[in-house]
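K.L.:
This is the structure, below, for whatever I ask next.
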Amino acid sequence: MPPKAALKLKQTTGAGGKGKGLRPVRDDDDGATHTEAGDQGDDWMQPKSLLKPEDQLELSEAELKEEFTRILTANNPHAPQNIVRYSFKEKQYKQISSVDQLAVHFTLDGNMLHKESDEARRQQARLEGHAEVTSSKKYRKGHSEPAASELGEPAEGSGAAEGEGAAEKPAEGAAEARDDGATPAPAKPEKLTNQFNFSERASQTYNNPYRERGTATEPPPRLNFSANVSQWEIFDAYQEDFAKQEKNKEKKVVPGRKEEDTKKKKLTAVEAQGDDISKIAKSAKIIERMVNQNTYDDIAQDFKYWEDVSDEYREQEGTLLPLWKFSYERAKKLAVTSICFSPRYKDLFAVGHGSYDFLKQTRGMVLFYTLKNPSYPEFIFSTESGVMCLDIHPEHPYLVAVGFYDGSVGVYNLTENQNAPVYLSTAKNGKHTDPVWQVRWQKDDLDNNLNFFSISSDGRVVAWTLVKNELEYYDVLKLTLEGAAQDGPDGVQLFSLGCGTCFDFHKDTDYLFLVGTEEGKLHKCSKAYSSQFLDTIDAHHMAVYKVAWNPYHPKIFITCSADWTVKIWDHNIKEPMFTFDLNSSVGDVAWAPYSSTIFAAVTADGKVHVYDLNVNKYEAICEQAVVAKKKTKLTHIGFNPSHPIIMVGDDRGYVTSLKLSPNLRKMPKAKKGQQIEQGPEVEIAKLDKILSLVREPEPAKKA
């Protein structure tokens with residue numbers, strides 16, 4: 001019997017195609033058994049090949065090298081920005097300001113143990129025991145087959161019969177078949193190596209316990225209401241609401257005073273406790289004036305003592321000496337729209353600031369300056385609309401009436417520490433619809449209530465009365481244009497209204513006043529007649545900017561206009577007595593308070609013109625430019641009631657004080673042995689003497 005063929009171990013590949021093993025291979029030539037090693041050595045010596053997914057894109061080298069810049073920001077572009085929540089506190093939907101910008105791209109839950117902990121040691125021991133068991137099983141499996149072959153072979157030299165050998169051949173074939181079938185058993189597929197060098201880590205952290213808090217709120221009360229509304233019900237509702245408002249106003253009058261008293265007491269208590277500048281306000285103001293007097297000592301000396309000696313050598317000419325220049329930082333870009341001296345305090349004057357350009361209307365200011373402190377205003381009032389005019393009450397100098405660009409009028413009280421006016425007209429109580437160009441205080445009415453008049457471009461002359469906490473008004477006059485009536489759709493005649501620009505009341509005749517219009521006309525009016533004029537004069541070709549009665553003569557008044565002229569009139573004669581052409585638009589004119597024949601005017605070319613009819617009836621005795629820049633326009637002028645100075649305002653917010661030289665304030669010289677006659681009669685006679693030279697002689701009466 002030939003010996004059994006030995007098994008030859010052949011190299012086999014696993015299911016993955018990577019791992020290579022050894023298997024027994026039979027050698028038929030010599031019957032010896034040997035093993036064949038792999039052709040390429042061990043696995044770790046072999047190079048690793050990349051396994052690409054089937055759906056991976058094939059990119060060229062240029063596409064692979066192309067860079068794509070990505071800017072990472074903390075904001076989530078997909079986060080909603082318009083989330084709203086209902087707020088029960090405010091009873092409305094409110095937009096949430098903070099939005100969650102967190103976006104989760106990857107999460108991995110894992111666990112990690114410290115290697116020296118008990119749990120880690122137990123796991124390590126368990127893993128080591130499992131490795132020993134698997135290695136012993138592999139060892140047993142490798143050595144079981146050779147042992148079985150050795151046990152299955154018969155001993156050599158045995159005297160067995162050939163029949164037995166023939167019977168064993170099929171058995172040996174079955175054994176070989178069984179061995180061949182058991183040898184190529186598929187091995188476990190090995191895990192693919194990670195192409196990205198990724199190492200898996202896990203950790204276990206402490207999870208904070210969650211707490212939920214909730215509140216239940218009561219829903220806001222709701223009520224469904226429905227009704228049919230008619231015109232009568234709407235009217236009744238408005239009447240009830242108006243009656244309630246009137247009652248509330250009446251109730252607030254007395255309690256308001258009590259509250260103010262309590263507030264004043266509290267303020268005085270607080271002031272008494274702590275150090276406050278108000279305690280030394282008067283002393284600080286005196287020191288400030290003393291410092292300013294030292295600073296402007298040379299100007300103060302000129303104001304008090306300087307006289308132009310050169311006037312002795314020229315009889316019909318005079319000069320103006322510039323003194324202080326008043327300005328405020330916040331009012332430099334606003335034009336000077338009005339100048340008014342206080343009737344009681346001769347050094348105090350008010351200045352209104354606004355704008356004559358309707359395209360540049362912003363705000364306004366009312367400033368009070370004193371000659372004792374030219375560096376800073378005494379009182380400052382800011383207004384929302386531009387100030388167009390103002391007037392100080394002759395008997396109550398702490399009350400100032402102001403007209404605004406938006407058509408409203410107001411009254412400020414200097415004794416109250418508040419920036420807002422104590423009285424202000426609104427659309428409810430008849431404010432003007434156009435800018436208010438002039439306001440003027442009048443004598444108290446029969447009920448001893450303070451009142452003033454205003455004129456506006458809307459064609460109305462309105463009288464305002466201060467009653468309790470309100471302004472009551474009535475229209476004194478409406479400036480209708482003659483021959484301008486038009487037929488309306490229903491056949492009703494519609495009258496166009498003229499634009500009033502200025503007015504002035506007679507000093508003696510209380511009911512008589514003059515009105516100047518933008519059309520150049522001059523109306524003589526009466527307070528008793530609201531529907532017609534006493535007389536109308538075609539005074540100028542352009543807008544009349546100022547009309548003023550002579551402070552001494554009851555029949556003479558003066559006007560100035562944008563047509564470059566200044567005219568002097570007798571109110572009984574429709575032709576002007578004197579006409580002066582100043583070669584530029586005349587913004588303002590004013591009579592001198594010390595003489596009936598002297599007046600001054602300012603023009604848009606920056607010059608001041610001073611006339612004395614008693615010296616020269618044809619030309620100005622002083623024509624002087626008082627502004628540094630050529631484009632600066634002079635807007636208003638005012639004489640100080642006691643000192644020989646004038647105040648001039650321009651469109652850049654500056655007010656310049658000028659001292660009149662001796663020739664501009666000439667007094668009649670006393671003759672030897674005679675006293676100088678003074679008084680209004682002398683001034684009237686002096687002016688009548690000049691006017692008699694230009695008046696036409698009255699026709700002689702027939703016998």
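Cβ atoms are placed via backbone N, Cα and C, with glycine included.
Unlike curated entries, TrEMBL annotations are predicted automatically.
Under the heading compositional bias 'Basic and acidic residues', TrEMBL lists 115-131, 166-181. Positions annotated as compositional bias 'Low complexity' by TrEMBL: 145-164. The annotation compositional bias 'Polar residues' is assigned in TrEMBL to 192-208. Residues or ranges marked as region 'Disordered' by TrEMBL: 1-48, 115-223. The repeat 'WD' annotation in TrEMBL covers 537-570.
Mind mapping these onto the model and telling me what they sit next to?
P.N.:
Taken through DSSP, the compositional bias 'Basic and acidic residues' (115-131) splits into 14 helix, 0 strand, 3 coil.
For the repeat 'WD' (537-570), the model's average pLDDT works out to 89.
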K.L.:
Which residue counts does DSSP give the repeat 'WD' (537-570) for helix, strand and coil?
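P.N.:
Summed by class, the stretch gives 0 helix, 20 strand, 14 coil.
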